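Take a look at the structure set out below.
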Amino acid sequence: MAVTGCTKCIKYMLFFFNFIFWLAGGVILGVALWLRHDSQTSNLLILQFDDQQAPGTFYISVYILIAVGAVMMLVGFLGCYGAIQESQCLLGTFFFFLVILFACEVAAAIWGFMNRDTISKELINFYDSAYIKAMDVSGSASKDSAIKVLDVFHKTLDCCGKGDDTALFLQLATTLCPTKSPEDFQLRSQSCHYKLIELFSEKLYVIGLAALVVAVIMIFEMIFTMVLCCGIRNSPGVY
């Protein structure tokens, strides 16, 4: 082994952090796959009526998360192997990929912050479009499909209406929301608008928390990688 003393300690600390990084990549990949196949979100995002598809912006962040998780596992393995082998080439490659990942994560965090309300708003607009069609007294061709869309929303989210429902909707509520009592419509927590905001706020909170933990690990890894590379370069047995 070329390194000794404190640098050797850094080597094993880097190996430990890379192992944690590799595990974190596996966890993120698992969480992303869960978010992709979660019954609540998938039931809503596959809906369509009147040639209008439910917006899939949420899946963009999920697919990015899947890619990040897979790359993290690959990079984590590269870092572990490079640390144990004390290879400046492998550690340099690892550091390069780490910087790229960190930059992508910061960019994704900025995008997510700027669009944090977009996902729920898009689905709320989709719900409202179906709501208006379902209330159409003229009996349009798309009314039945709109009612079916509302039924999926109501059953999936255990909600009913927008929270400021018209008298016409309240008359049809026993048909559209058979499990709800008249008193339920006075509660904000029963509003589908409220439930959609709550649902995606929770999902985005999970994504944000995972990104924060990974960012902290990345910072430590970049520091340890630079220190270890300098230690290897300055070791007596390395020329």
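Along the chain as shown, the residues are counted starting at 1.
Here the Cβ of each residue, glycine as well, is placed from N, Cα and C on the backbone.
Remember, TrEMBL labels are computer predictions, not curated facts.
The record in TrEMBL lists a disulphide bond between Cys177 and one of Cys160, Cys192, namely Cys160. For Cys192, the disulfide partner named by TrEMBL from the candidate list Cys159, Cys229 is Cys159. Beyond its flanks by at least six residues, the transmembrane segment (90-113) meets 18, 61, 64, 68, 71-72, 75, 78-79, 81-83, 204, 207-208, 211, 214-215, 218-219, 221-222, 225-226, 228-229, 232 of its own chain at Cβ-Cβ distances under 8 Å.
Using a Cβ-Cβ cut-off under 8 Å and counting only residues 6 or more beyond its ends in the same chain, the transmembrane segment (12-35) has close neighbours at 41, 62-63, 65-66, 68-77, 79-80, 83-84, 94, 203, 206-207, 210, 213-214, 217-218, 220-221, 224-225, 228.
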